[in-house]
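K.L.:
Once you've had a glance at the structure underneath, I'll fire off some questions.
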Amino acid sequence: MFAARQAFNVAQRRAFSASSRQSSKVAVLGAAGGIGQPLSLLLKLNPRVSELALYDIRLGPGVAADVGHINTKSTVTGYDPTPSGLRDCLSGAEVVLIPAGVPRKPGMTRDDLFNTNASIVRDLAKATAEAAPNANVLIIANPVNSTVPITAEVFKARGVYNPRRLFGVTTLDVVRASRFLSQIKGSDPANESITVVGGHSGATIVPLLSQAGYELTKEQLEAYVNRVQFGGDEVVKAKDGAGSATLSMAMAGARFAESLLKAAQGEKGVVEPTFVDSPLYKSKGCDYFASNVELGPNGVEKIHEVGTITPYEQQLLDVCLGDLAKNIAKGVQFVKENP
Ligand SMILES: NC(=O)c1ccc[n+]([C@@H]2O[C@H](COP(=O)([O-])OP(=O)(O)OC[C@H]3O[C@@H](n4cnc5c(N)ncnc54)[C@H](O)[C@@H]3O)[C@@H](O)[C@H]2O)c1
Ligand SMILES: O=C(O)C[C@H](O)C(=O)O
């Protein structure tokens, strides 16, 4: 028993040092926010991260001083809210996470955030395109359906767009989908893997429960789909004006970053759902679409097809594509008019 445990510990240490051999600088823009702080904490706990770079328009160095006391090996630096601070934060980053932007209040849609967040994301995308053009860029700021196209347009304008390295973070939708199903079934959510496709807002979020091989009654199914599509609203309402999901989002963002680092460090078969430049529905005006994506050392390795779906799911998808095309076009238009 003791020998077996010792062998296990040695194997674990070897696996750890194999992953920690490769250095990874991860930058968080918006690090002092509701998402940014717990996300920075989770990244500090990740042995795949060797350097954590934290930027915000307020409190970046404060959050870094706090997180930096945690006794894991990575370095932590907080940067001043100046152009050179932002440049230094980004320089050499392999992964850039962008949760900077305002959250919803009750009664708002994610699209209502567009007027404020579009220019925040555009400006941070400009800085990233200049200081870290080869980084994997993970967009968390809403509305993701528009902020991802905004980032792409900024990179295109500078001749550094790599569609394999730009990701809208939709992980929270699958986290919710598995959690909510487990609450119906009384199962462990860790065993519930639900494919969710489309985008990241209301009707553009399409859970494909039929692919999980589990059947609900029509009423249960409709209630389930509605809960996954509007899970964000549940949190916004419960926080009653103080913001939207932050803790579950930090977990989801950290999970996606971890998957990307695993794939970058050579692990095979790493698949996550994410909103990316995708061939699947370009013919319907959707240049970006979320589906399961295999990640690799160069970012997107393989985009999975949506697969077989029921007529009900097809109806959901049709509604999704109509809304999504408009959200994407709005982001593209914004950068054309406000370069
Ligand atoms: N993709 C998702 O699944 C998902 C989930 C939850 C929230 N969100 C979105 O994430 C965003 C952030 O949410 P939050 O709850 O952390 O908000 P928050 O207001 O608590 O934090 C936002 C942070 O961004 C900072 N910031 C603003 N402008 C900046 C700039 N130009 N540069 C750097 N930092 C800047 C603010 O100072 C603040 O610290 C919102 O748009 C929210 O809708 C997305
Ligand atoms: O609901 C929101 O506005 C935040 C986020 O997109 C979420 O899904 O929780």
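For all residues, glycine too, the Cβ spot is worked out from N, Cα and C.
In case it's useful when we look at the structure, here is the feature table from TrEMBL:
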type: DOMAIN; residues: 25-168; note: domain 'Lactate/malate dehydrogenase N-terminal'
type: BINDING; residues: GLY30, ALA31, ALA32, GLY33, GLY34, ILE35, GLY36, ASP56, ASN117, ILE140, ALA141, ASN142, MET249; note: NAD(+) binding site
type: BINDING; residues: ARG104, ARG110, ASN142, ARG176; note: substrate binding site
type: DOMAIN; residues: 170-335; note: domain 'Lactate/malate dehydrogenase C-terminal'
type: ACT_SITE; residues: HIS200; note: active site, proton acceptor
K.L.:
For the binding-site residues listed here (ARG104, ARG176), which one has the lowest count of neighbouring CB atoms within 10 Å of its own CB?
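P.N.:
Output over binding-site residues ARG104, ARG176: least Cβ neighbours within 10 Å is ARG104.
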K.L.:
I'd like to know which of the binding-site residues listed (GLY30, ALA32, GLY36, ARG104, ALA141, ARG176) lie near ligand 2, counting only a CB under 6 Å away.
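P.N.:
By the Cβ criterion, which requires under 6 Å to ligand 2, the hits are ARG104.
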K.L.:
Within 10 Å of the Cβ of ASN117 (NAD(+) binding site), how many other Cβ atoms can you find? Include all protein chains, please.
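P.N.:
Step by step: centre on the Cβ of ASN117 (NAD(+) binding site), count other Cβ atoms within 10 Å, giving 22.
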K.L.:
Comparing the binding-site residues ALA32, ALA141, MET249, which residue's C-beta has the most other C-beta atoms within 10 angstroms in this structure?
P.N.:
ALA141
K.L.:
For the domain 'Lactate/malate dehydrogenase N-terminal' (25-168), how many residues does DSSP put in helix, in strand and in coil?
P.N.:
64 helix, 26 strand, 54 coil
K.L.:
Cα-Cα separation of GLY36 (NAD(+) binding site) and HIS200 (active site, proton acceptor), in Å?
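P.N.:
One finds 19 Å between the Cα atoms of these residues.
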K.L.:
Between ALA32 (NAD(+) binding site) and ASN142 (substrate binding site), find the distance joining the two CA atoms and give it rounded to the nearest Å.
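P.N.:
Roughly 17 Å, rounded to the nearest whole number.
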